[in-house]
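One structure below.
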Amino acid sequence: MRLIVGLGNPGARYAGNRHNIGFLAVDAIARQHRASPFRHRFQGEAAEVVLGTERAILLKPSTFMNESGRAVSEAQRFYKIPLADVIVLHDELDLAPAKLRVKRGGGNAGHNGLRSITAQCGNDYRRVRLGIGHPGDKALVHAYVLNDFGKAELPWVEDLCRAVADHAALLAAGEDASFQNKVHLAMAGRGWDDVKTLGARN
């Protein structure tokens, strides 16, 4: 059993925010792999899905970003899922737009959702870092992540979420390097291998 968590803020007001790309990716997995309907559980919206040979719970916390760990810890305890089998998909300022990296453990890089999960559950979970780029000035970060993706960004956002969903069985199987490589190749094949500016193909 895996616990796959997308981070974001609940409600229509935040649905298109850059901070909510984790929700978007989990929604793409749910659609593509015919998950059960999401229902309110564990202080979030949860669905069941089979990815390859692995059963997984998809979770979108309803606690707002800064309290994400409450929902994650509740679901993790209920299903007795080892921390190494908890996978968190989140926005990453320090990666270029349309890039993806997977890592286990490590720092939180100022991400309040990760900080909350680490405080509640521990640090040794897997993170799928979904690059959104950086606005260039630390003072602009708050507004940047809580603004919607621009119209020019939406094509790569949709392609990245689709690629994550396409190869989610590798992620569930623990084949992180293969998953990361497949997503990279898929994005390169769609022309997103070198996004110089937000939304722009090279």
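Placement of Cβ uses the backbone N, Cα and C atoms for every residue, glycine included.
According to Swiss-Prot, the protein has these features:
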| type | residues | note |
| --- | --- | --- |
| SITE | Asn9 | site 'Discriminates between blocked and unblocked aminoacyl-tRNA' |
| BINDING | Tyr14, Phe64, Asn66, Asn112 | tRNA binding site |
| ACT_SITE | His19 | active site, proton acceptor |
| SITE | Asp91 | site 'Stabilizes the basic form of H active site to accept a proton' |
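It is 11 Å from the Cα atom of Asn112 (tRNA binding site) to that of the residue listed as 'active site, proton acceptor'.
Ranked by how many other Cβ atoms sit within 10 Å of their Cβ, the recorded positions Asn9, Asn66, Asn112 place Asn66 at the bottom.
Annotated pair Asp91 (site 'Stabilizes the basic form of H active site to accept a proton') and His19 (active site, proton acceptor), C-alpha to C-alpha distance, rounded: 6 Å. Just so you know, the Cβ of His19 (active site, proton acceptor) picks up 22 other Cβ atoms within 10 Å once every protein chain is counted. The recorded positions shown are Asn9, Phe64, Asn66; of these, the one with its CA atom nearest the CA of His19 (active site, proton acceptor) is Asn9. Taking the centroid of the Cβ atoms of Tyr14, Phe64, Asn66, Asn112 as the tRNA site, the other same-chain residues with Cβ within 8 Å of it are Asn9, His19, Thr63, Met65, Glu67, Ser68, Gly113.
Around Tyr14 (tRNA binding site), the same-chain residues six or more apart in sequence whose CB sits under 8 Å from its CB are Gly8, Asn20, Leu146, listed in sequence order. Under 8 Å, Cβ to Cβ, and six or more positions away along its own chain, Phe64 (tRNA binding site) finds Asn9, Pro10. Across the residues the record lists as binding tRNA (Tyr14, Phe64, Asn66, Asn112), the two Cα atoms farthest apart are 16 Å from each other.
Phe64 (tRNA binding site) falls outside any helix or strand according to DSSP and counts as coil. In the three-state DSSP classification, the residue listed as 'active site, proton acceptor' falls within a helix.
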